[in-house]
Amino acid sequence: MSTISRLPAPILDSYEWQFDAACSGVDTEEFFSPEDERGAARAEREARAKTFCAGCPVVQQCLEHAIKVREPYGVWGGLNPRERQLYARGQRDVVRIGETEADPAQHTPAA
């Protein structure tokens, strides 16, 4: 019989911040794009989602969670997946949490 040397941390402690999120109770469709969504429709939906993030008291915890678990979809912590990649790589000067991308080409890192 094996002995338990360590118990996992309580899950609630890791996700409790979600109860205070501005998006709590909002339809998830605002934050996650349909597979065929492109261009202006996607930008408009992301902009709507980011309005929740802009005034959210737990936006930083949300962003840290999304980066930690490598969340590949949706708006988390005020950033879309592409913006989170840049942020996680240390290119924080090219993204603004909760703001929309006016022109994605503006955020392309210099070669």
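Just so it is clear, glycine is given a Cβ too, placed from its N, Cα and C backbone atoms.
What TrEMBL records for C23, C53, C56, C62 is [4Fe-4S] cluster binding site. Just so you know, the Cβ of C56 ([4Fe-4S] cluster binding site) picks up 23 other Cβ atoms within 10 Å once every protein chain is counted.
Annotation comment: TrEMBL describes 22-86 as domain '4Fe-4S Wbl-type'.
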Listed in sequence order, residues not in C23, C53, C56, C62 with Cβ within 8 Å of the centre of the [4Fe-4S] cluster site Cβ atoms:
A21, A22, F52, V58, V59, W76, G77, G78
Cβ atoms near C62 ([4Fe-4S] cluster binding site) (within 10 Å, other residues, all chains):
24
Binding-site residues compared (C23, C53) - highest count of Cβ atoms within 10 Å:
C53
